[in-house]
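Encoded as structure tokens, the structure appears first; notes follow it.
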Amino acid sequence: MEKNVAHIALFAALIAALGLIPKVTLAFGVPITAQSLGVMLCGTILGSKRGALAVLLFLLLVAIGLPLLSGGRGGLGLFVSPSAGFLIGWPIAAFVTGLIVEKWRSAPLALVASLASIIGGILVMYVFGIVGMSITLEKSLVEATGLVTAFILGDFLKAIIAGMLTSAMAKARPSSVLSRSEPADAV
Amino acid sequence: MISLTSPVRTSAHCWPAGAKLLGLCIATAMLFAIDNLLVQGLVFAFVSLLYALPGKAFLFAGLRQMKLLWLFVFVVGLWHIWTAEYELGASIVLRMLSAVGLANLVTMTTRLSDMIDFVKKITIPLRWIGLNSQVLALAIALVIRLTPVLVERGGQLTHAWKARSTRVPNWRIISPFTVLALDDADHVAEALRARGGFNSLEEI
């Protein structure tokens, strides 16, 4: 129990810290805010339940007024802004990502974690984000999709990186990749 | 850590957090139901007045929080000028500004401690699905305490990178960063257990 809570709290802090450390550059020199990478890592490393709880805890802190989102953003306003759908989709994205890594054990971890991040961290997250935008901006789903396509490439690279980081983590601390360290039926 | 609560004291700082949040929910639902542009304009004027009343410092702090919307205002504005649906565009922009403005107002006038107390109170019924509100409060405190620690670690890793390479730090730095976070999690769990663990929380 204590270990679970410590992991959840630390990963919530990790998402926050990834938004606050000096920007890191992605391939081709594109600067990224690494927070959505943090959400993917919550899923691939902590697994479905703990990953989703870590993201929920992070969002709770943002909601109660801590400026933890990249650029020092925070507060309740974000949850009614046009990008609210993405935030609401974050815990579900982490859950789906974690679930795929937990269940699909026959392929190499880097590949599974990358694909899981693409399905959870991009597909699921964008569904929520696009619906949110279409409601707040009164646009059709197709029009809202058009507004966000520019960001998909960056997220795609983040998903690949999440896969590589998870595999590196499994080598550095084999027991730390909780999504894989427990038997599939016990999760 | 500095929260977004305004240091400028207003009378709304003393109102109970639960009432403010309930009011915000109702107001936001109503905002989405209003179709009339004139009413939208009046609501926006009222929200602006609420920001202006406590004085200049409060107003500017509020405006800084609204910065996140400029891109959306710009895109929606351009879109509706392009499609010549001026009224619809104005109504969408006004509603977005009022909704986010009101929500920020609650954030700016509610102290972090009041918010945490409120979260603790409303999560008590969640006990039956296994969520202990005391543990949640502890987890909140842990994140607030550990975020600056991790940020400092991130800074140290960046310095170490810069001392050894002429290239700018890239995503590879996140790997040791995550390993450090995982090690910290183990130490925190041991420290919690050494102090009696969560069983001792029940007595508080």
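Each residue, glycine too, has its Cβ placed from N, Cα and C.
For B:12-31 (among others), the entry in TrEMBL reads transmembrane segment.
Taken from TrEMBL, the feature transmembrane segment applies to B:37-54 (among others).
Beyond its flanks by at least six residues, the transmembrane segment (B:66-82) meets 88-90, 92-93, 96-97, 100-101, 104 of its own chain at Cβ-Cβ distances under 8 Å. Residues or ranges marked as transmembrane segment by TrEMBL: B:66-82 (among others).
Per TrEMBL, the feature transmembrane segment maps to B:88-107 (among others). For the transmembrane segment (B:88-107), the residues of the chain that approach it from at least six positions outside its boundaries are 4-5, 12, 20-21, 24, 27-28, 31-32, 34-35, 37, 40-41, 43-44, 47-48, 50-51, 62, 65-66, 68-69, 72-73, 76-77, 79-81, judged by C-beta separation under 8 angstroms.
The feature transmembrane segment is assigned by TrEMBL to B:128-147 (among others).
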